[in-house]
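**Student:** Can you keep this structure in mind? I'll have questions shortly.
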Amino acid sequence: MPEADIKPRSRDVTDGLEKAAARGMLRAVGMVDEDFAKAQIGVASSWNEITPCNLSLDRLAKSVKEGVFAAGGYPLEFGTISVSDGISMGHEGMHFSLVSREVIADSVETVMQAERLDGSVLLAGCDKSLPGMLMAAARLDLASVFLYAGSILPGVAKLSDGSEREVTIIDAFEAVGACSRGLMSRADVDAIERAICPGEGACGGMYTANTMASAAEALGMSLPGSAAPPATDRRRDGFARQSGQAVIELLRQGITARDIMTREAFENAIAVVMAFGGSTNAVLHLLAIAHEANVELTLDDFSRIGSKVPHLADVKPFGRHVMSHVDHIGGVPVVMKTLLDAGLLHGDCLTVTGRTVAENLEAIAPPDPDGKVLRALINPIHATGGITILRGSLAPEGAVVKTAGLDTDVFEGTARVFDGERAALDALEDGTITHGDVVVIRYEGPKGGPGMREMLAITGAIKGAGLGKDVLLLTDGRFSGGTTGFCVGHIAPEAVDAGPIAFVRDGDRIRLDVAGRTLDVLTDPPEFAARQQNFTPPAPRYKTGVLAKYVKLVGSAAIGAVCG
């Protein structure tokens, strides 16, 4: 088979008399005559100093470039943004989190297209930067490799009773709720705050970043075994160099992102997310990435796969372990091999190694599940996957609940309705949210929020207040990957689009049936329908800027909250 053209695009800026000015610019950044015959590789990084999630990317980008050079290419690094959900949580800043996913994808596309780069290595560490980079790869359909920054190690807090406790960032959110109810001292909150982030890396549990890193590996877009090692682990530098080499080999073989991101590959990613009991945000992001790859993927696919794939991983937020423990027992390949052997994974999917999933796993030969961090298929934590898709009179287009960790299937209670998260937090702090309540937080969807904010402040506070198993929370917004408890998000249609959630009133009875996959408001249908007459949505919160544009473009959470 003849080798593909390794400069399918960069000839536009390097070849011919009329490109003298472009070559002159490239000489100024270090290129010499012989470099103009090399493939030009964009090394896109979301490195910044705002959050620990991305701190390793500066180091890793250097190793990626070494790998590109070693393989005969020429790397050109550029940056994009990243928003820290941990810092932006619980205030106005969270409106800007999900839109950052689109900004990242758009900015990478813009640079890659404008500069005619031949391929890319995409580096990310924060929750929205991972899917944003993968969306860009799918949209561009060039030779691309994704590289994760790696997760943070757990911290150890020394509490006032003399005990020591392993903690992650989620413990801080829950400590706030406990302290506000008098269940924890301010000194212990301070001890937890100081311990939760002992260094660089993304939040350590199976929260959104680690879930999406695992999904990227299962999707075939990152090197096998690269998702689990911590950010500080020097194996990451090796994966970075190999990623730089891999993108050149993909160019030589003529393999592009959509050759890898097939429907079967997305089914593999969903299966791994289900086995891990990963973040509900993976539903939103995988739908969006599939949209960019021109792959038809729906909420029904998550239901279908989740009904077959058991929940195997005892990981936070519901379990005991973090990503570094997953790494200790062999990483994501252990999960993938377990699923492959059971016929729950497509082994013939192509990956960035140029080989198939099955071939990669045969070469790695991962160990069997250890039985603690990851259980065997014959002894799952739950018989079905850790995420369930719901439908019903309150969510005709769908809703999402994380079932990993739930110990009951049915919750029926009385609605307490709040237009926005802040009002719900105030009610919790006042002690007026009690056992049996169904807390409904609306006008927090993609358009209505805008930005579909994560509700970690309220869910963490509810758990910290000791109500995690006694209160059901519903929203057209999202939840953090660190959320625990009875929490249903992504309710669609959202309130601003006249979805049923807009017409729920205090005192309505609401029923969640996880096994039946239903979410219903039990109000008499004619009465409920009468409430919908003459509906007028609230005026847009933002009249100018990025969110004003976002509201005009963004679609339903049921299709990934994509813009166009």
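Glycine is no exception: its Cβ is also placed from the backbone N, Cα and C atoms.
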**Student:** Using only what Swiss-Prot says about [2Fe-2S] cluster binding by CYS53, CYS203, identify which of CYS126, CYS179, CYS349 is listed for that site too.
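**Tutor:** [2Fe-2S] cluster site check in Swiss-Prot: besides CYS53, CYS203, the record includes CYS126 out of CYS126, CYS179, CYS349.
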**Student:** Starting from the Mg(2+) binding annotation in Swiss-Prot that includes ASP85, ASP127, LYS128, which of GLU444, GLU454, GLU494 is the extra site residue?
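**Tutor:** According to Swiss-Prot, the candidate sharing the Mg(2+) site with ASP85, ASP127, LYS128 is GLU454.
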**Student:** Please classify the secondary structure at CYS126 ([2Fe-2S] cluster binding site) using three-state DSSP.
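**Tutor:** Going by the DSSP assignment, CYS126 ([2Fe-2S] cluster binding site) belongs to neither helix nor strand, so it counts as coil.
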**Student:** Specify the secondary structure state of CYS53 ([2Fe-2S] cluster binding site) as given by DSSP, simplified to three classes.
**Tutor:** helix
**Student:** To the nearest whole angstrom, state the Cα distance for the pair CYS203 ([2Fe-2S] cluster binding site) and LYS128 (Mg(2+) binding site).
**Tutor:** 13
**Student:** If I take the alpha carbons of ASP127 (Mg(2+) binding site) and CYS53 ([2Fe-2S] cluster binding site), what is the distance between them in whole Å?
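**Tutor:** About 9 Å separates the two Cα atoms.
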**Student:** Measuring CB to CB from CYS53 ([2Fe-2S] cluster binding site), give everything in the same chain under 8 Å that is also at least six residues away in sequence.
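**Tutor:** CYS53 ([2Fe-2S] cluster binding site) has long-range Cβ partners SER82, SER84, GLY125, CYS126, ALA149, ILE152, GLU200, GLY201, ALA202, CYS203, ALA209.
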**Student:** Which three-state DSSP class does ASP85 (Mg(2+) binding site) fall into?
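**Tutor:** SS state of ASP85 (Mg(2+) binding site) = helix.
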